[in-house]
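> Found this in TrEMBL, in case it helps:
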TRANSMEM  124-145  transmembrane segment
DOMAIN    125-479  domain 'EccD-like transmembrane'
TRANSMEM  151-172  transmembrane segment
TRANSMEM  179-201  transmembrane segment
TRANSMEM  213-233  transmembrane segment
TRANSMEM  245-265  transmembrane segment
TRANSMEM  271-290  transmembrane segment
TRANSMEM  345-363  transmembrane segment
TRANSMEM  393-413  transmembrane segment
TRANSMEM  419-436  transmembrane segment
TRANSMEM  457-477  transmembrane segment
Amino acid sequence: MTHPATTITSSSGLTRVTLHTPQRRVDVALPAMVALAELLPELLRHAGIGLADDGEQHGGWIARRADGTTLDEAKSLQQLGVRDGEVLHLVPAREQWPELEYDDVVEAIAAGSRRRGAAWTPNATRVSTLAGAAILLLAGVMSLLKGGPTWAPGGYLALTVAVLLLVGGVLASRAYGDGIAGSALAGFALPYAFAGGALLLGGAAQSGVVPSVLWLGSSQLLVGCVAMLLFAALGAAGVGHGMRIFMAGGLVGLLGAISALLAGLGAAGAAAIVIAALVCGIGLLPVLAIRFGKVPVPSITLPRDAESFGAISSGGRGRATGEIADRSRVFAAVSRSEELLTGMLLGYTVLASFAALILAVAGGTAGRVLVAVGATALLLRSRLFVTIRQRGPLIAAGLLGHIMLLGGLVFTANGSTRAFFAVGAVVLALIVVLAGQTWSRTTPSPYVGRAADIFDLLIVVSVVPVAGWVLGIYAAIQSWTA
């Protein structure tokens, strides 16, 4: 059964539906623009006696269509496509909806096939083409970086491609109204901007530490990051969509430029400071996102006179100092802040990955220890975020750090050490799988959560001392005291 994308409602903005409950059948007119979760308490009052209390025995109540489709309580009737005259069923959440009976084998086969996965959609086609374009453009920028400054036109070519991609993204978003394609094209311009800026200042000196791009020193890194920061700002202002991409590019450009200014500490020292700043600064990201997103914060003032205090004490409502915020503006601000926070976390992934690579290559034993501690801290800190789009980048950053660390150990280990490493990797993999399968079905006990919090605190606190080890602070103090 299919439903139209829009709701057929009356001129008053109400949707007339018939509600089936275990006790009675009710014909009601409901606001089409209000979330279903806000309507359920009132519906339970009219649906029968004691239904709200009975819901505690079976996990609450949910609304279903006649075909058993569960209605998302976070959406309004208009968003759900509920039509005038439709019949809805208010049933216990744990009650299994009976299977549809088919009198046609072909229809039964089609219904079973649809359960195996969603059909290919036009949106999937667009995403696939953008992914293919990303692979091709990434190959192009990697070839330019691999060639280095030996080919003089490389920097100008990279900047030209960056400008063309940025202009194409702005046109796609503003002129054709395709914000997804526009943000993708403008996002592709960021690595080309970095490559162009770095190649323009490239020199013959091999002052870098990253393999294949040894020409990339602190000066080249500074110019490339500044170019990326500039293009990220232009993309955010011109495209007006997909702010997470430009926020990530801006954060990478800003912190990358700051790390380039720390060239006197060496590549490993600058990377150690970046890792320490990333781990210790995770708690500031939500606050910054709220500030930049301009989410209204309620401010309640105490009554200044006895009359106002008496009104509040007698049951009157306290008024905030400002006007009541418009719901649409609040929702827009929350969405904007969430987008900015996701972009910051994506930038974390890029910065942490490159810092871990530098530490694994040029940091020695202290650098590898810092990679292990920092990657573990990022994995544990990901528990602070609830949504997949926000927790995923931190998990990816932590896993990439461990991959680089383990990859370095594999290439440097001898025969006996490799055997021990292989056995240990298998044991750890089995433990991780067992823990994931267990905690995906049951919630971890409070003792496990408390132990994870304590371990998280110890790991985060240990990041700064280990970073000091990488910077050589302890060796310098020892030499001074000697």
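The count begins at 1 with the first shown residue.
The backbone N, Cα and C atoms fix where each Cβ goes, glycine too.
Keep in mind the model is a prediction, meaning the values are calculated, not measured.
A description of the local structural setting of each listed feature is requested, covering burial, neighbours and distances.
Tertiary proximity for the transmembrane segment (151-172) is limited to same-chain residues at least six positions away from its ends with a CB under 8 Å from its CB atoms, namely 137, 140-141, 144, 178, 181-190, 192-193, 195-200, 202, 227, 231, 234-235, 238-239.
Sequence-distant contacts of the transmembrane segment (245-265) (same chain, at least 6 residues past either end, Cβ-Cβ under 8 Å): 183-184, 186-187, 190, 194, 217-219, 221-222, 224-233, 235-236, 239, 271, 273-274, 277, 339-340, 342-344, 346-348, 350-351, 355, 471.
If one looks beyond the transmembrane segment (271-290) by at least 6 residues along the same chain, the residues whose Cβ comes under 8 Å of a Cβ in the stretch are 255, 259, 262, 265, 297, 337-338, 340-341, 344-345, 348, 351-352, 354-356, 358-359, 363, 367, 370-371, 374, 377-378, 381, 384, 394, 460, 463-464, 466-467, 470-471.
A Cβ distance under 8 Å defines the sequence-distant neighbours of the transmembrane segment (393-413), meaning residues of its chain 6+ beyond its ends; these are 282, 342, 345-346, 348-349, 352-353, 356-357, 360-361, 368, 371-372, 374-379, 381-382, 385, 421, 425.
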> Please indicate, using numbers and ranges, the residues of the same chain that are 6 or more beyond the transmembrane segment (213-233) and have a C-beta under 8 Å from a C-beta there.
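The answer is 145-146, 148-149, 159, 162, 166, 186, 189-191, 193-207, 246-247, 249-250, 252-254, 256-257, 259-261, 263, 270.
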> By a Cβ-Cβ criterion of under 8 Å, what residues six or more beyond either terminus of the transmembrane segment (179-201) are in contact with it?
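Same-chain contacts beyond the ends: 126, 130, 133-134, 137-138, 140-141, 144-145, 148-149, 154-163, 165-166, 168-173, 216, 219-221, 223-228, 230-232, 235, 238-242, 245-246, 249, 253.
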> Do any residues of this chain, six or more beyond the ends of the transmembrane segment (419-436), have a C-beta under 8 angstroms from a C-beta of it, and if so which?
406, 409-410, 413
